[in-house]
Amino acid sequence: MAASELYTKYARVWIPDVEEVWKSAELTKDYKQGDTVLHLHLEDGTELEHKLDPKTKNLPHLRNPDILVGENDLTALSYLHEPAVLHNLKVRFIDSKLIYTYCGIVLVAINPYENLPIYGTDIINAYSGQNMGDMDPHIFAVAEEAYKQMARDERNQSIIVSGESGAGKTVSAKYAMRYFATVSGSASEANVEEKVLASNPIMESIGNAKTTRNDNSSRFGKYIEIGFDKKYHIIGANMRTYLLEKSRVVFQADEERNYHIFYQLCGSTHLPEFKDLKLGPADSFHYTKQGRNPVIDGVDDAKEMFTTRNAFSLLGINESYQIGIFQVLAAILHLGNVEVKDRDSDSSNIPPNNSHLTIFCDLMGVTYKDMSHWLCHKKLKTATETYIKPIPKLQAVNARDALSKHIYAKLFSWIVDHVNEALHSTVKQHSFIGVLDIYGFETFEINSFEQFCINYANEKLQQQFNMHVFKLEQEEYMKEQIPWTLIDFYDNQPCINLIEAKLGVLDLLDEECRMPKGSDDTWAQKLYNTHLKKCVLFEKPRMSNKAFIIQHFADKVEYQCEGFLEKNKDTVNEEQINVLKASKFDLLVELFQGEGKVTSPTGPPPGGRTRLSIKPDKARPSQSSKEHKMTVGLQFRNSLQLLMETLNATTPHYVRCIKPNDYKFPFTFDPKRAVQQLRACGVLETIRISAAGFPSRWTYQEFFSRYRVLMKQKDVLTDKKLTCKNVLEKLVQDPDKYQFGKTKIFFRAGQVAYLEKLRADKLRAACIRIQKTIRCWLARKKYLRMKSAAISIQRYVRGYQARCLAKFLRRTRAAIIIQKYQRMYVERKRYKRQQAAALAIQCILRAYMARQQYQALLREHKAIIIQKWVRGWLARQWYKRSLAAIVYLQCCVRRMRAKRELKKLKIEARSVEHFKKLNIGMENKIMQLQRKIDEQNKENRAMSERLSNLEISHTAESERLRGELNRLRGAEEEARNNANRITTLLEELARLRKELEATRTEKKTIEDWADTYRHEMEAMVSELKDQNNLLKNEKNDLNRMIQEQGQLMAEKMQKALEEETKQLENDLNEERSRYQNLLTEHLRLEERYEDLKEEVSLTVTVPKPGHRRTDSTHSSNESECTYNSEFAESEESSRGREDVTKAALDMSLFLKLQKRVTELEQEKQSLQNELDRKEEQFQRARARDDEDHKKARGAELEYESLKRQELESENKKLKHDLNQMRQSLTGNAGAGMAAPGSPAYKVLLDQLNSSNEELEVRKEEVLILRSQLVSQKEAMQHKETMTEPITYAEDLKNLNDAGEVTQAYMGLKETNRLLESQLQSQKKTYDNEVEALRGELQSMKEENNRQQQLLAQNLQLPPEARIEASLQHEITRLTNENLDLMEQLEKQDKTVRKLKKQLKVFAKKIGELEVGGQVENVSPGQTVDEPIRPVNIPRKEKDFQGMLEYKREDELKLVKNLILELKPRGVAVNLIPGLPAYILFMCLRHADYLNDDQKVRTLLTSTINSIKKILKKKGDDFETVSFWLSNTCRFLHCLKQYSGEEAFMKHNTQKQNDHCLTNFDLAEYRQVLSDLAIQIYQQLIKCMENILQPMIVSGMLEHETIQGVSGVKPTGLRKRTSSIADEGTYTLDSILRQLNSFHSTMCQHGTDPELIKQVVKQQFYIIGAVTLNNLLLRKDMCSWSKGMQIRYNVSQLEEWLRDKNLMTCGAKETLEPLIQAAQLLQVKKKTDEDAEAICSMCNALTTAQIVKVLNLYTPVNEFEERVSITFIRTIQTRLRDRKESPQLLMDTKMIYPVTFPFNPSTVALETIQLPSSLNLSFLTRV
């Protein structure tokens, strides 16, 4: 297909632009052959007609498909040209925040001007061991490639880092060296890698400075060779420097600084050691203030000085030398401040007593007179005479500056030499990796000698780079056997010849320097005459005769000739140097002692090198006179030639650093500056060379997988290579556009884009067809569904309407009938109701009128009678009313005063002080108020009683008035009879009426007063009730507040307790992890010690006599040393030399570990002592009765034990005395000497009788003391009952028995005395306890006083604080009591276990004594002729006790057959799990049964050492490690299960409890075995990780488990191998099979289920962590389809967990970060709602990981979209408040702390049989 055919409508192209360099546009019309204009549509919406060049008619560059934008490798782009490269770098840098990009073999690094978290140790570990194309581009990938090629090809490597100032060269070189130091490590304990890294701050301080382009610009070039030994460990390094910018010492431009070291000195003037330097701030020195900006933002010069000094110390430069260096630097600063004044036009002078010159002379140890003289004079030598000539001020200042530069250059060279000496290694170097940090191509407005040398060096490096790229291309084509055509590339050899050839620029410059009157102008004229017309690369500026132009490979550069000769000569006044040489300052003399021999202060001497070495070359003495005259240009040319020879002898790796903008803005991209640097650094040349050939390369499998859609079914053959050939011939007609290699297909530039276009068109057409068919099907389905629904709706609606009509008709007829009858009923009811109402009204009205008339008559009659009698009563009551009124007035006055007092009380009650008092005694106040209410009630009742009395008196008066009324009635009757008395009676009647009226009025007044008083009392009572209720409410509120505060405090305490518990658990896990890491480190050191010991033993040919090598178990664990000391002492002499060797090798780390273990032991001991002290205090303070009972019981047990021991000793003593008496009696026996009736016989018989009586008295005591004496008592009773005559022998026997009884009696007396002494000691003990109790009582009193003080303090606090304080005190008290109770319970458990063990020991001893007593006791009837011998009691045959007996000499055979030579597979398949552990424990039980501590110790020590030995030998075998992990755990469980401790005996059977250990407490050995199990577990994890590691990335990420989901993207020169599963690649099934293998192996070995869960959890963590880390470092894996693949793979892993019943082990949770990352790849990533969903979903991922995945997300197909920057920023904003680690990668080396939960065995020891296959016939079942 012709290239012009690609320029169709909607095709996108790049057109040149002034601002953006290249601008994207889209064709709006197809291009046809012969068109002169392209119709374009720009991205900003404007239309443009782009005119083609009429001569070349070159079409604009085509733009790559969006799917290729952002590729890791620029050579993967289909169209390789400048705009494509620039756009790809911009997208990666701005959108994805990726600063590294491959361009073939070149790593392009763009300076982000921001600290990125991509250089940590985790990133280094992730890149270690990976192929260069496997991970995203990184400086670590280049370093790993160099390190790997050095080890694989055994060829030296070089990493060439170049770029402009500020592009990040120094940082890139620093990170490369850090990678080597981290990955390789050092071969010894000298920490060489730390020294290599320590050289960086030194060189930066003395060689870096701030410029307008860079805050830390390297002003010199350096090449560091890092040396490695045969094992590729760092052994040393060497540094070469090039072209130090000495002029910066004396001059700096605006916004620039001098070298950092000067500002570090000025910032550290406060230090006492710098007082003598007499320094000040940087603004006070001429050499540091010229840039007018002495401060760098974010940099603390004082801290940097501290770092520099530490680096000096680490490199072996002692404090005195450091002070000397700073003294020289300070002298340079003071020299710059020396002021030179004009004396006349031709001379100058320095005023006397110049302070700065005086300080300079004092610091440098020279005389003021000489230095001031030669700063203003110079010496001229002629053939006959020598003249001293004064010089003018300008020359004097220049001479002063030249001296400063020269001193600094000497100091710089001296420091570099000493750094090299510190990095030098005595070990032979096997290979090296060189890191070249050199200046890039430079062009400024004014370019001088420095820029000329820099650009010359870059010309040489560019030539080497072009040759290397060309060579690699040629090798690739030849390897694939495709036709090779010579690629034309730019060769800059003519430019190099122009500079360095004979009569070149440098040659003419040196020649001019040798001329007596040479000048820059004459040199310029020579250049014009020599090269202007002969070399096209040399030009002369139009407007200048003092400049020249050279056409470099990157650009034209105009150099100003002024200053070239002076800088090339680098002259300094010789007399000034002589003055310095005569200095008393040793360091200064050392700097200038080789002045006549040194060729250059910054570069090595010339001369060929036959062999590359890290040592600097030494100058030849024979050439000293010649070399003394070498110019700077010649020195630099020789140094550069030596560098090129070194680089040509190594394999180069290129890092090109790009500066994105000139303003140091983070992540800001300036296309103009970037293009300029890309052209200068050779990246575009690499692209051009690649584009000239076949830049796109695909394997046949990748091509088939990607473009399978373009093939028909008939085109697919079994041979994929032939299939690809056939299809490609049909798709691309021009055979020159591609070539078929052995394993790859090579495409010309643009062909992959064409194939991608065909693929996209095919997929688009298929999508359209699928959409068309689906839309048709969906529309028809919708129509049929709507039609069916409409018919159904119509049917149901019509039926419903018909039913509604029928129902309406029925209701209408029924309503008419109902209305007819209802109306009739209503009218009838209304008529009857009206009739009844009328009759009722008439009846009621008539009755009412009659009653009213009767009542009126009755009231009138009664009123007349009442008026007659009441008036008389009222008159008599007037006096009483007056008296009552007076009493009432008194009550009112008193009430008024009471109200006033009540008001005052209310005001006082409402006041703050009263409220406080009320709160202080709330309950008392309430009681007072209650009493007050009771008093008011009493007063109320009194008033009620008075009121009732008044009513009673009124009633009596009324009765009296009634009687009077009756009397008056009689008088009236009598008056009727007596007419003459009528008038008097009428008057009396009127008077009585008046009195009655007054009485009524008074009564009404009294009633009103009573009502008023009652209302007032009721109001007062209600007010008191309200106040009482208010107080009650306040009390309830306070109680509720107290309860709420108590509840709140309880919740806080509960929450704090939970947090504290959680924190303690975390601390426990961290401490456990730390402890296990220490064990791992200790094991590593032990193995290393063993390896070194073996190496030492191999190097010694003749061993010394008496030297015996033994396995060192003494240092395996600290706790093991406590019971292995005896065994260690026997080997101390044999290990003397080994200890010395070990101390020389790893003593520092060993001492650290030992110190750490000692601290842990001391902390443990202090905690134990504190616990014991607390327990003792608790025992004295709590449960006194129980304690007394325990003390009494303990004293009784001790008393019985002591009595039994004393009786045993007395019994032995009596037996000894009895035997002596028998011997004496036997020896003195004669005729009649002891015959019956003799005096001796009677005396002995009397003693015997008395002894028998005493014995009867002591029988009961003997029975209590010792039950074993029953047999002896029965023998005595049998002797007393004998009545037969006895012979002489029997008499002799009786005498013996009598003597024995006498001795027994004496023993009992001794026992009594012993008991008395015990009683006295017990009394003393009780006295001591009484004193202790008194002391405790005193302490309790003090505690009571303290509590009272605390209570008094609380009472003074406010109520809220008081409540809180009381609650806090109560909680503290309850917590302490709880802790005391827990400690008491633990103490009681320990006491019970201890007493049980003592009882078992006593029972065993009693049994042995019983057997011994039965043997030793003989019958009384035994004759003297029979030999006295013990009676053999036959032992009953017992069942097997679960023990194995072995001889001591068979121990080595046992260990050898059971551990060292045992094959795990046979044991695991044929025998019970854990059989070796059971056998070892049964042997241990027998040693414990024999009470043989030496045998127990040696067996356990041999077992532990043998397990360590077999694991060291076969540590890489998972089966072996798993087998011994299972057996070690089983052995540990057996030691716990049969230890006799109550906590471990809960699940035992009675038989198993009988098999517990009886004599030894092996708790310390259990700790040793637990540590050994931890080491084995960690070794198992490492072994498992080594097996799984190669499978994880391939199986979880690369393999297509779901075929056809993910497509393969185009790759570049550094692409990976195919992601399709070929032979030798791992799949998910491989991982699952390996997991099954691990699980089945552990199950066969009988590993504890809980331990299996922990192993599986660790396995899944490794899988998830490795997978996620690779996902985060691989842009090609971050796509939607890959997320689906990962989720499917994770679901398969979860299914495996379900099949194994391991879902509860926590393994699934370890995959949560990976699951969320896969979900993140698949979810929508556009709107704010999507961002919120992502933030809530990805809680297991850190913010850095989420942003990294979003940045790396890459569409595989054109139908996907990239994540916008706005969306990523939204995510970052939402996740800003998260508190998490900024670490990007997961720690794959992290191992969860392992625990070994107790798992008792159900296997009965007595049932275990020894198989013959184990060859353990020497073991005997007991």
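Note that Cβ sites are derived from N, Cα and C of the backbone, with glycine treated the same way.
In TrEMBL, annotation is done automatically, which means it is predicted and not curated.
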Field: Candidate ranges 134-156, 640-662, 1721-1743 [criterion: TrEMBL lists as region 'Actin-binding']
entry: 640-662
Other parts of the chain folded back onto the region 'Actin-binding' (640-662), taken as Cβ under 8 Å at six or more residues beyond its ends: 89, 93, 103, 105-113, 139, 142, 145-146, 149, 153, 155-169, 172, 176, 213, 223, 240, 242, 434, 436, 440, 456-457, 460-461, 464-465, 468, 604, 606-609, 612, 668-670, 673-674, 677-678, 681-683
Query: Fewest neighbouring Cβ atoms within 10 Å: which of the binding-site residues Ser165, Thr170?
result: Ser165
Query: Can you count the other CB atoms that lie within 10 A of the CB of Gly168 (ATP binding site)?
result: 25
- line: Close in space but at least six residues away in sequence, with Cβ under 8 Å from that of Glu164 (ATP binding site), the same-chain residues are Arg213, Gly440, Phe441, Glu442, Cys657, Lys659, Gln677, Ala680
Task: Identify which of the binding-site residues Gly166, Ala167 has its Cβ surrounded by the largest number of other Cβ atoms within 10 Å, counting every protein chain shown.
output: Ala167
Task: Report the mean pLDDT of the predicted model across the domain 'Dilute' (1501-1777), rounded to a whole number.
output: 85
Statement: Surrounding the recorded ATP site, with Cβ no more than 8 Å from the Cβ centroid of Gly163, Glu164, Ser165, Gly166, Ala167, Gly168, Lys169, Thr170 and those residues left out, we find Asn111, Asn214, Ser217, Ser218, Gly440, Cys657, Lys659
Gly163 (ATP binding site), number of other Cβ atoms within 10 Å: 27
Message: Below 8 Å Cβ to Cβ and six or more residues apart, same chain only. Which residues does that give for Lys169 (ATP binding site)?
response: Val161, Ser162, Gly163, Ser218, Asp437, Ile438, Tyr439, Gly440, Cys657
- prompt: Within the region 'Actin-binding' (640-662), how many residues are helix, strand or coil going by DSSP?
  reply: 9 helix, 8 strand, 6 coil
